[in-house]
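Per TrEMBL, the features are:
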TRANSMEM  20-40  transmembrane segment
DOMAIN    46-235  domain 'Major facilitator superfamily (MFS) profile'
TRANSMEM  121-141  transmembrane segment
TRANSMEM  153-174  transmembrane segment
TRANSMEM  180-200  transmembrane segment
TRANSMEM  212-233  transmembrane segment
Amino acid sequence: MKSRNQSIVSAKKLEKKHGFGSCIPTRWTVVILCALTNGLSYTMRTNLNLTIVAMVKRANTTHFETCLAPGQTLEQSQDEVEGDFEWTESMQGVILGAYYYGYIVTNCFGGQMADWVGARWLVGASVLSSGALTLLMPVCAKWSEYTVIIVRILTGLVQGVLTPSLYTMLAYWVPLQERGFALALVQVGGNIGAVVTAPLSSSLSQHGFAGGWPSVFYVLGIMGCLAFLPWIYQI
């Protein structure tokens, strides 16, 4: 406890010297970047859950109620979402659940790893590797459904340490009287990321480059890789 209190005092001193700009204290810069990073991690976590509808042929997907645009027929709507892969419903379930097979393994001791390795580098490595794995998804999907499962398990493994590491970061930087608000901001950042993923994935699947649905993974993967730079530079 003494060591952690000393770290908070040291952080307060660093704010006066290394604050981000003249108006934002460093601890709130850390909180904002943690919230943005958490939001980005949610986009890479949930993108497949939504994009798989455009990836798989309708004959092998779960039947959803379809809302038709004015003047649109059911046949036209079905043609627009016709996918490339003939994955069975059971295989789709395995693919969607594969992320959590890896996530639960590292999530249990992510906080301890942050103390060993350092939360700054652990979060940075998690975001960078998540982005790289997301970029690989279109290639892996066209190769085999089993490579998709492997990539999703690996994505869960590297993202499992993220949330505990972010909380470790806040424990060192944010004083007790501000910690509840800071934790709420980080959680809201994740929720916003999940909400934004739905319209973004839908729009890119229908109008994106590289054939539609691959652009979802390319855009979010590039964002994940680029997020590594400001994180390592500023934190």
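Keep in mind that glycine also has a Cβ here, set from the backbone N, Cα and C atoms.
Note that the structure is a prediction, hence the values are computed from the model and not measured.
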Top Cβ-contact partner of the transmembrane segment (212-233) among 20-40, 121-141, 153-174, 180-200 (pairs under 8 Å): 121-141
Per-residue pLDDT averaged over the domain 'Major facilitator superfamily (MFS) profile' (46-235), given as an integer: 84
